[in-house]
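What TrEMBL records for this protein:
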type    : residues                       : note
DOMAIN  : 12-143                         : domain 'DinB-like'
BINDING : H49, H135, H139                : Fe cation binding site
BINDING : R83, S84, D85, R86, D414, R418 : gamma-L-glutamyl-L-cysteine binding site
DOMAIN  : 173-429                        : domain 'Sulfatase-modifying factor enzyme-like'
Amino acid sequence: MSPDLRSRVAAELERTRARTALLTESVDEGDLIRQHSPLMSPLVWDLAHVGNQEELWLVRDVGGREAVRSDIDELYDAFKHARSDRPGLPLLNPAEARQYVSTVRDKVLDLLDSVPLEGRRLVADGFAFGMIVQHEQQHDETMLATHQLRTGNPVLTAPAPPPSIVPGLVGREVRVPGGPFTMGTDTDPWALDNERPSHQVHVPAFAIDAAPVTNGQYLEFIAHGGYEAPQWWSDEGWAHRLEAGLEAPMHWRRDGDGWAYTRFGRTTPIVADEPVVHVCFHEAQAYARWAGKRLPTEAEWEKAARFDPRSGRSLRYPWGDDEWTPERANLGQRHLAPAPVGAYPRGISPLGVHQLIGDVWEWVDTDFHGYPGFAAFPYREYSEVFFGPKFKMLRGGSFGTDAAACRSTFRNWDYPIRRQIFSGFRCARDLTPDETG
Ligand SMILES: [Fe+2]
């Protein structure tokens, strides 16, 4: 590993830890220990779990060093205890958890200077370090969702996202030409096992919304009785809609004749041109059917995001292969809300599709599966054990996702009923015979 890569790894680890610290130091001890929702771990569990994964992979495996706290491995193994059970475990208290993650981090920075980083796939290109950076960033997004579920005075602040500067995007579609494109990656050094290997996928021509579905569009679905009309819902979706009593996105409530939402403790009127967020897969699918459309497949989404018709190549990001910058997409918890559609013209894909990266995760209508030639790495529990029809895919990241854990090949998944995550969607449709000519 070159000195440049070592310093980049160190910088990413430190930058990530600063966010973890912000999310865990902005609340008091009671809020760290409390379970804010049965869907979420106590924040203090996330904190020590992040340190424990870092210890397992970097201190013990990559570094070959002695354990810091082998006695707590079982407590922080996500497969041993469901989130709902974690508050009842004999967890490290906040002071102990902070001490633990800082001891682990000191050892990691120490071994980063000396450990040989060639010869093993786990360490080639700094992969193990990149995996741990992404893991902590993923928990930072989870902790941000926990903050959103927390009640009480607001503790997080951030500047408002940038305004829309491209008019006319709501309702506009982009046509994606039919033909093969390259899905997934072999070359992105920190790409995870489920993004690999790259492979050709033939995608027939289709149309996709130029922007995510907005609150204003979603309000029309509500006003037209979308939540009362089973014909727009799948059988499974309608059963869930009844059982859960869904009548609007999570965190919305009626406010006179309209609706308001509560974000990180502050209640404000709905902003019409922001992407809708906190909807489950079933709500997204029902909206799409009501609108005469459907959700894109995962391959369609990725083609719209990456395919460059001039070169025939698939790009790393919609804007090209260069790294993210703040003008390109709403990532990294810089803003605590999605930006209105049309706020990021510098992030559009070669085909002209807006805001595929950042703002809201986008539900797509594909079950979690391995690509042809998939091989679990470095452990089956990262993604392979989740393959199957229980999980739907989400793509593109949200305002809560860090750039280190977001690229056009990145794949996220969740149960189709989940909506505490920062999830929205856009619609797609088949072309008519007239349109295909
Ligand atoms: Fe984890």
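Using the three backbone atoms N, Cα and C, a Cβ is placed for every residue, glycine included.
The number of other Cβ atoms within 10 Å of the Cβ belonging to R418 (gamma-L-glutamyl-L-cysteine binding site), over all protein chains shown, comes to 19. The DSSP secondary structure for D414 (gamma-L-glutamyl-L-cysteine binding site) is strand. Long-range C-beta contacts of H139 (Fe cation binding site), restricted to its own chain and to partners at least six residues apart, with a cutoff below 8 Å, comprise T20, D46, H49, V50. The separation of H135 (Fe cation binding site) from R418 (gamma-L-glutamyl-L-cysteine binding site), Cα to Cα, is 20 Å. Helix, strand and coil counts under DSSP for the domain 'DinB-like' (12-143) come to 87 helix, 0 strand, 45 coil. Remark: of the binding-site residues R83, S84, R86, the most isolated position is S84 (fewest other Cβ atoms within 10 Å of its Cβ). Mean pLDDT of the predicted structure over the domain 'Sulfatase-modifying factor enzyme-like' (173-429): 97. Compared over the binding-site residues D85, D414, the count of CB atoms lying within 10 A of a residue's CB peaks at D414. Apart from H49, H135, H139, the residues listed for Fe cation, the same chain places the Cβ atoms of D46, V50, Q53, E136, Q138, T142 within 8 Å of the centroid of those Cβ atoms. If you take the C-beta of H135 (Fe cation binding site) and look for same-chain residues 6 or more apart in sequence within under 8 angstroms, you find V50, Q53, E54. Spread of the gamma-L-glutamyl-L-cysteine binding residues is 20 Å (greatest Cα-Cα distance among R83, S84, D85, R86, D414, R418).
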